[in-house]
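Enquirer: Here it is, the structure, as C-alpha cells.
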Amino acid sequence: MPRVAALGTETLTEVAGLAAGTLRLLRRRGPVLVGWFCLGWAIHRAGLFVSALLGVDHAVLANLVFVLAVVAELVALVVMVHSVRPELDVPETSDDDAGAPTPVGPAGLLPPSLLAQERTLDVVTLAVGPFLAVYAVWGFLDDEVSALFQSNYVVQGLGGVQDWSISLVPARLPLYLGLAAGGWVLRALVRLWLRRRQSSSVAGVVGLVAEGVWALSVFVVLLVAARAAREWLQGRVVWAELAAAGQAVLAWLPDLTLPFGPTLREAARAVVTEAPGVLLTVVGLPLMWLALTAVVFGWREASAADALGARAAGWVGRFSGVARTPSGRVLLLATDDLRTKYLPVLLALRVVVRAGARTIGAYLLLATALQALDGLLQIGLTLLAGPQPVGRTLLLEPVEDLLVSAVVTATSVALYGAVFARALGVERPLSLSKGLGVERSLSPSNAP
C-alpha cells in the first residue's frame, strides 16, 4: 500500500510539474501562439468559402484554394510549435563542432539539427510533410473535406449540389488524379531545383503548395475509391455472411446485464467497435503531436534502422544495394512519402516515449483534460448563445470555434513544448527545469 501511495504522489508531482511548465510557456509565448493560430484560422476559413464560391465552374482553381487553406492552417501550427523553441534552453553548437551529434539526452545522441538555429521557412518546409502524414492517418484531412462540404452548403445550398466545388462522385476522379499528378511533378521539380541550387524562399513556398496539392488530392482519390469499394462490398454475399458471423459470435455470450447498465453483448460490441478509436484518440493522437513537436524542433534525421530497431539495419543494408538498380530506384520513388514523412515521426515518437512511463502518463492525463475542456467550452458557448435560427447558428459556429480553439490549441502547444523539455533530459538544466522537475539527466526511477 505505501508503494501505491508513493507512486500516486510521484505521478501527481509529475502532472503538477508539467502543468507548471505549460503555464510558464503560456505566460511567455501565449500572445504569439494565439496570434499565429488566429492568422492560420482566418486564412483557412476564408479559403474554404472562396473555394465554395468558385464552385464547379472553376473546379481546378477551387481545389487549389482549398489546398492553400489547409496548408495555411498547417503552417500556422508548425510556426506555433517553432515559436516555443527559444524558451527551451537547449545548448547551441559552435562552428567547430557543427554537424557533430552531441552525446546527451535519453537517446544517447541528439541530432545536430536539434541544436541548430533554423529559419522558420526551412522548418516549415521540412515539417509540413510529417504533419500532412499524421493529418491523413488520423482523419483530419477527412475533417477538412467535411468542412469544405459545409462551406459549399452555406454558399450554394442543398439545391445546388451539382455546383459544389468538391464532390466524391466517381465522375470527379480524373480531376483529382490530374491534381495529384501535377502536385507530384511540381514537388519533384522543386526538390531537384533545391538539390542543385542554393535554398530559395520562393522555391520553399512552391514546394509547400505542391506538397499540399499532392497529399490532399491523393487523399480525396482514396476517399472516392474507398466509397466505391464499400458500396461494391455491401452488395456482395460475403459482406452479409461476415455480418451474420459477427452476430453469431456475440450470440454466444450470455445475456447478462452488467452493474453499470448495458448487457454483456452490448459491452462487447462497444469494445470491438469503439475501443480502437478511443485508444487512438486518447493515447495515439497526443503521442503523435508530441512526435511532431520533436520533428519541428529538429529531430528529423531518421533511418529505418533508427526507427525500427536493430533488426531493420540488415534489411536497410540490402536495400541500399538494390536501390542502385532501375527497379530499386522505382521502389525508392514509391516509398518516398514513407521515408520522408512517416519515418521521422516514428523516430521522434520512439525518442519521446523513452522519457519514461510516468512522464508520458502525466502528459496523457493533461492532454485528455484539454480535450475535455475543449468539449465543455463548446457546450458552454452553445448554451450561452441559446436557441438560434439556422442561419444565425451557421454564423455563430465559426466564432465559437475560434474562441475555443485558440485557447485550447495554444495551451496544447505549450504542453508539447514542456513535455519535450522533460523528455530531452539534457545534461545542463533547461530553463523550465524548476517547473518541470528536470534534473541534470533522467533519473533511473523514471527511465524505462
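Yeah, the Cβs are placed from backbone N, Cα and C, and that goes for glycine too.
Annotation source TrEMBL lists transmembrane segment at 33-54, 60-81, 123-141, 173-190, 202-226, 278-299, 360-383, 403-424.
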Enquirer: Mind checking which residues reach the transmembrane segment (360-383)? Cβ under 8 Å, same chain, six or more beyond either end.
Expert: 11, 14-15, 17-19, 22, 281-283, 286-287, 289-290, 352-353, 400-401, 403-405, 407-408, 411-412, 415, 419
Enquirer: Restricting to the same chain and to residues at least six past its boundaries, which positions have a Cβ under 8 Å from a Cβ of the transmembrane segment (123-141)?
Expert: 70-71, 74-75, 77-79, 82, 204, 207-208, 211-212, 215-216, 219, 280, 284-285, 288-289, 292, 295-296, 300, 337, 340-342, 344-345
Enquirer: Report, as numbers and ranges, every residue of the chain located at least six residues beyond the transmembrane segment (33-54) whose Cβ falls under 8 Å of a Cβ in that stretch; write 'none' if there are none.
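Expert: For the transmembrane segment (33-54), the far contacts come to 26, 61-63, 65-66, 68-70, 72-77, 79-80, 83-84, 147-148, 151-152, 154-156, 164-166, 398, 402, 405-407, 409-410, 413-414.
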Enquirer: When you look at the transmembrane segment (173-190) alongside the transmembrane segment (202-226), do they share 3+ Cβ pairs under 8 Å, ignoring any pair fewer than 6 residues apart in sequence?
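Expert: Yes, the transmembrane segment (202-226) and the transmembrane segment (173-190) are in contact.
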Enquirer: Determine which residues of the chain contact the transmembrane segment (278-299) at the Cβ level, with the cut-off under 8 Å and only residues 6 or more beyond its ends counted.
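Expert: Residues packing against the transmembrane segment (278-299) from afar: 78, 81-82, 85, 88, 111, 113-116, 118, 123, 126-127, 130-131, 134, 138, 344-349, 351-353, 360, 363-364, 367-368, 371, 412-413, 416-417, 419-420, 423.
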Enquirer: Residues sitting near the transmembrane segment (173-190): Cβ under 8 Å, six or more positions beyond its termini, same chain?
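Expert: Same-chain contacts beyond the flanks: 59-60, 63-64, 203, 206-207, 209-215, 217-218, 220-221, 224.
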